[in-house]
Amino acid sequence: MMQGVSDPVQRERLEERLAKVREDPELKGVLDEIQTGGPAAMMKYWNDPKVLSKLGKAMGGAAPSDVETENQHDGQTGEEEQAGTIHHAASTGDVEMLKKLLSEGADKDEKDAEGRTALHFCCGYGDVECAEALLEAGAVVDAVDKNNNTPLHYAAGYGRRECVELLLKNGAAVTAENFDGKTAIEVARLNKQKDVLAVLEKDAFL
């Protein structure tokens, strides 16, 4: 999400594929919304298996597994199964469902295919209540995804000030670097999140 395409040949191929994607009315609308809505719009579609599958096929890559067909069992669709997961509860801000799952023994630090925990999701979306519930349950505050981004990186990049303050209060490492060598402070600066940047810089110098 934070890496650019530097290879000219790769960039040209990507542009050709994006042009084809824009020929699809449904995907054109998705791309337009992401372009105008920024990170928040991207997060909206990040967990939509139908959109990701269609986009993957249109881009000529390996499409994500077809959740609707491959994960069906006992009369349930993949979408219904996903609705009962800790990641889904965190990303939709369903704090009651999240607490119920935690009380039933759900893994508070479970990772998805990209290495993200539920705490990454609720901090990216700015859902403080869900983040509090996870931290109270003992979730790892500095869990890292596949790009070594912590929940603090997500909260900083998306300008979620309350989540940033909550994470810092719970001991999140301001100096932790992702695979691009960026700390949460640098991520906030790159994304012009001035309010969050002020909070992070203040904490870093305490």
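Cβ coordinates come from backbone N, Cα and C, glycine included.
Any TrEMBL annotation is an automated prediction that lacks curation.
Model, not experiment: these values are computed from the prediction.
Here's what TrEMBL has on this protein:
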REGION    1-20  region 'Disordered'
COMPBIAS  9-20  compositional bias 'Basic and acidic residues'
DOMAIN    17-60  domain 'STI1/HOP DP'
REGION    56-84  region 'Disordered'
REPEAT    81-113  repeat 'ANK'
REPEAT    114-146  repeat 'ANK'
REPEAT    147-179  repeat 'ANK'
Q) Within the repeat 'ANK' (81-113), how many residues are helix, strand or coil going by DSSP? A) 18 helix, 0 strand, 15 coil
Q: Just give the helix, strand and coil counts over the repeat 'ANK' (114-146), going by DSSP.
A: 17 helix, 0 strand, 16 coil
Q. With DSSP, how much of the repeat 'ANK' (147-179) is helix, how much strand and how much coil, in residues?
A. 16 helix, 0 strand, 17 coil
Q) Near the repeat 'ANK' (114-146), which residues from the same chain, at least 6 beyond its ends, have a CB less than 8 A from one of its CBs? A) 39, 43, 86-87, 89-91, 93-95, 98-99, 102, 108, 152, 154-155, 157-158, 160, 162-163, 166-167, 170-173, 176, 178
